[in-house]
């Protein structure tokens, strides 16, 4: 039989809608047209309230309760619009929550499995011809929502009740029911029948009372029924089984319940003598001795250019089970060393660099997520420095208080992905409602730091490259020691981002942007360039001694200074100029090497593949 819409709504089919809520409560791109049509149809008198009469449906929404104001908004709307067109729901709307802390069953996958079990059970009951009786609102348990109104099959003369429900459903979810036979109770019969105008007040009071009872029940459930803890009473782990599987496939070595480590592609490159990353060019790190890790996989943003494709969790505060910093660092180093060991005997790997690579000297806390969210971040940094490991910490400028409380770091980065409130929201897609004020406060907090500070600007073509004057104002706000300007890295297609190769600027375009920017900030000049990473370094003139740049770091001196700081209880402070080192000629802007270390050999791949890792 050929497919027709009539078969869909009058047959024994049940239409199941799995819909996700995207940025600002909007539907995903693939569902945008459908949702727009459904909403317009539900409000268009030409369709009428029986347009989908006979259609049976079920809705499962996917969202993240961290975005409280828009949580599962699309699922709720689709459910409501179908109801307004006369369709009949066969099972309560399901709500999957990506937030493992607030998820009713511990993960969005578990939420779906629980709803699916209930859905299949209802289908089996319908197949057998069984009808579940409504409680009519007398059970006082808040488990049955069908008592909130009568049959979805409209009777002639009930337009007043429909209008009343339409006004109410703007704040309240639609009622549950599948047929006229399902409903019972005197209250339901009074609503189903034709009602006199003078009786509408009583019905209105009755519905408001039921709504209050439902809200009280939901509040009680949120307070006592879902504590964000497992069966043993412990906080839930950040890493769910599904997340563990996804991140492991991406090459992560996961540590405990919320940390991870991964081998950077530049580490592999320098082991082979094929060049180091831009941190080697700008600051003199040894890329083959750099460990890329994070003590927190969770982040407070969903940046469009995130190379992790948003497989990591999100959050605005720490609500998960917490591992101790000693364990995290110990396992991070062990996992890093195990990954280095895999390169033993690999053609091209230099023996001396392999041996050096087994001894971690630098730690890039920029792998994924927001490391500064980890409550014991200061203890973690202290442990790094005790092992003579330098620290490069990156934050997304959403935690100003944590920045202020941060102890000395070798180099502290703040991601400045946009210079206006509108573009920052578009690019970073932050969770915090007051994200812009937090962003500004974070930059102000950075200005108070005495050690090396860096603005990291990621240029996304057509999104944030035309805001030079606004960027200059942000520079005066935080007074960073350095400004890294880098073209965005394209990491392949992702359903979570609209980023394409068209958004990646050419290196010449990045250079031109930097030239124009330094004209607006007189205390800064272009110092270094790493063409391979499509990146340039702008440095404050205080790092120019005479005619020479001193952007590199004296790592041994830093360790001495930070030890003196710890021994004095924090009273003996030091500044960025106390551990600077001279920058070699090949790393400078304008040098023929374009930032490539002449000690290494440039290797061009015949078949270039997209890069999915870096620091």
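Numbers here mean position along the shown chain, with the first residue as 1.
Note: Cβ is positioned from N, Cα and C throughout, glycine not excepted.
TrEMBL labels come from automatic prediction, so no person has curated them.
In TrEMBL, the feature region 'Disordered' is placed on 133-192, out of the ranges 133-192, 253-312, 313-372. Among the ranges 207-234, 375-402, 403-430, 431-458, the stretch that TrEMBL annotates as region 'Disordered' is 207-234.
Break the domain 'Flavodoxin-like' (1-120) down by DSSP state and the numbers are 52 helix, 23 strand, 45 coil.
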